[in-house]
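Undergrad: Have a look at this one before I ask anything.
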Amino acid sequence: MKQSSPEPLRPRRTGGRGGARRAAALVTIPLLPMTLLGASPALADASGARLTELREDIDAILEDPALEGAVSGVVVVDTATGEELYSRDGGEQLLPASNMKLFTAAAALEVLGADHSFGTEVAAESAPGRRGEVQDLYLVGRGDPTLSAEDLDAMAAEVAASGVRTVRGDLYADDTWFDSERLVDDWWPEDEPYAYSAQISALTVAHGERFDTGVTEVSVTPAAEGEPADVDLGAAEGYAELDNRAVTGAAGSANTLVIDRPVGTNTIAVTGSLPADAAPVTALRTVDEPAALAGHLFEEALESNGVTVKGDVGLGGVPADWQDAEVLADHTSAELSEILVPFMKFSNNGHAEMLVKSIGQETAGAGTWDAGLVGVEEALSGLGVDTAGLVLNDGSGLSRGNLVTADTVVDLLGQAGSAPWAQTWSASLPVAGESDPFVGGTLANRMRGTAAEGVVEAKTGTMSGVSALSGYVPGPEGELAFSIVNNGHSGPAPLAVQDAIAVRLAEYAGHQAPEGARMMRGPVQGSGELECSWVQAC
């Protein structure tokens, strides 16, 4: 059957490496090494006064009170020569938070390839009979992290166009491409309601243009004072249960609304009070068994396209004895090169874990975390990364069982910079201060008005007590790779400390700050305990 052509995830915005704009979705372009700039004397002269001043400045920044009691691994390298320009605790094993996604993305490009795409099929045992009937129907997922409700509707239309009018038996959601382990063993149970801790499945429906997997958008609207608030479960309407105890408070009263999914349930619980004059409140919340939600949505799509399902909707794999199953519809995702943009720009945990399990399928025929993480480490070793200081427990960095060193992160950055997929890798990284979220990502609101704006390309990482920023500073005087990994701070994440270092590196690489925006000496303030994209703050 002819496969549908994938649509670009976003229009492309052009710009060279280190320019003011970064591609949001890729087209065919020449792949250029990231180390084309030779080392200028200003960068290469390790005995120069400029380098001494740089080291002193970074030392001063790291004295900030925000880092009291913390351990910080900081390494800066000239990518052209491999020369280490700065190092503090570079060999210390630390939690990486979402900097783990750098390793996952590199392994996915190495194992799957930048042109890899993910398929979803609709299968029956045979073609429809004269009455347009088939017995059972299977919606088969193979790890597409961007499958949307619109894609399901398009496949339902294909099923109808194939002549199917009635499914006499059941509709099954087949997610057996991956195993049935939904969550990493040490992820915190209290995180389960939130989009950054969604269940992982080979068949999941992505929400919105950022492709959040395994979630639904819950909307709460005030009614008349004293009346229950109105709750819309979005895509999960009719699939998840609703426990609505939220009330409408007086105009101007406090908003105490809480939207939860209690652990082990498929119930959205809404409590608290929403003022009568408040705007509607929306929040992404996870669902139990994302594949079952996909099946529910596909049944609705079939009904909308004139196909009736007589039986139930459930989970199940295509029978092994269906040697010549009839594929009635299919969908092919965009290529990995494009999928990496929402994955890395918005630090999407669901994408990371689906990629790990896809790597496991590719390397070992097993869509499991165990197989996938072995595949990730082997790919990194094959790339030339020294993995001795690396401990992998998931692909996203949400696990507190992961360990990296700043040395290893910078090693990865250097090896990735000379890989055939270097341009694809670069295009996926957030760019400092760029207001377009598909360019700036989690750095969209950071380092604006500084020498780093539109220049620094780096992956963020933040969760309680852990924060990191690692990436590149290209410039007219050469290119730097850097990693900053902070662990053990007791207050908010020291984002401004990281930003001050990145700005100083941009200045060192030859960029000029706008008038009045030079780096300020002395204390800087941090903020946030989670990635800004996880809480819809960027």
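Backbone N, Cα and C define each Cβ position, glycine as well.
OK, Swiss-Prot features for this one:
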{"type": "ACT_SITE", "residues": "SER98", "note": "active site, acyl-ester intermediate"}
{"type": "ACT_SITE", "residues": "LYS101", "note": "active site, proton acceptor"}
{"type": "ACT_SITE", "residues": "SER347", "note": "active site"}
{"type": "BINDING", "residues": "LYS459", "note": "substrate binding site"}
{"type": "REGION", "residues": "1-21", "note": "region 'Disordered'"}
{"type": "REGION", "residues": "146-319", "note": "region 'Absent in class-A beta-lactamases'"}
{"type": "SIGNAL", "residues": "1-49", "note": "signal peptide"}
Undergrad: Cα distance, the residue listed as 'substrate binding site' to SER98 (active site, acyl-ester intermediate), nearest Å?
TA: 8
Undergrad: According to DSSP, which kind of secondary structure is LYS101 (active site, proton acceptor) found in, if we only use helix, strand and coil?
TA: helix
Undergrad: Around the Cβ of SER98 (active site, acyl-ester intermediate), how many other Cβ atoms lie within 10 Å? Please give the count over every shown protein chain.
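TA: Excluding its own Cβ, the number within 10 Å is 29.
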Undergrad: Expressed to the nearest Å, what is the distance separating LYS101 (active site, proton acceptor) and the residue listed as 'substrate binding site' at their Cα atoms?
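TA: About 8 Å separates the two Cα atoms.
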Undergrad: When you measure from the Cβ of SER347 (active site), which residues in the chain that are at least 6 apart have a Cβ under 8 Å away?
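TA: Correct list: SER98, LYS101, SER396, GLY441, THR442, LYS459, THR460, GLY461, GLU531, SER533, TRP534.
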Undergrad: To what whole number does the mean pLDDT across the region 'Absent in class-A beta-lactamases' (146-319) round?
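TA: Averaged over the region 'Absent in class-A beta-lactamases' (146-319), per-residue pLDDT gives 98.
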Undergrad: Look up the residue listed as 'substrate binding site' in the DSSP assignment and reduce it to helix, strand or coil.
TA: strand
Undergrad: Mind giving me a neighbour count for LYS101 (active site, proton acceptor)? Other Cβ atoms within 10 Å of its Cβ, every protein chain shown.
TA: 27
Undergrad: Could you tally the C-beta atoms, other than its own, that fall within 10 angstroms of the C-beta of the residue listed as 'substrate binding site'?
TA: 29
Undergrad: Using DSSP with the three-state reduction, classify SER347 (active site) as helix, strand or coil.
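TA: Looking at the DSSP assignment, SER347 (active site) belongs to neither helix nor strand, so coil.
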